[in-house]
Amino acid sequence: MVRVPKNNNENQSKAVVRTYYEVEQDSIKLKNKKCPRCGSIMAHHMKPLERWACGKCGYTEFIGKSR
């Protein structure tokens, strides 16, 4: 018998793709950065250190002073 895991993601909110873009009169512009490795959209994190992170390949760019 094969067990199928339960989907517990019903309570979590999903990312809305339309919030990633800024629409002007004749152009559409991406708000976030794109990953230089894989090309997916990167997330901007503020804590514990400010950084840009890719959830797909794990590439991370740290912003600000180094310790």
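Each residue, glycine too, has its Cβ placed from N, Cα and C.
Residues within less than 8 Å, Cβ to Cβ, of Cys38 (Zn(2+) binding site) and separated from it by at least 6 positions along the same chain comprise Cys54, Lys56, Cys57, Tyr59. Secondary structure at Cys38 (Zn(2+) binding site), taken from DSSP and collapsed to helix, strand or coil, is coil. The Zn(2+) binding site annotation in Swiss-Prot covers Cys35, Cys38, Cys54, Cys57 and rests on sequence analysis.
Residues annotated as zinc finger in Swiss-Prot, with sequence analysis given as evidence: 35-57. This prediction places the mean pLDDT of the zinc finger (35-57) at 94.
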State which of the following binding-site residues has the fewest other Cβ atoms within 10 Å around its Cβ: Cys35, Cys54, Cys57.
Cys57
The zinc finger (35-57): which same-chain residues, six or more beyond its ends, come within Cβ distance under 8 Å?
20, 63-64
Quick check: which same-chain residues outside Cys35, Cys38, Cys54, Cys57 lie with their CB within 8 A of the centre of the Zn(2+) site CB atoms?
Pro36, Arg37, Gly39, Ser40, Met42, Gly55, Lys56, Gly58, Tyr59
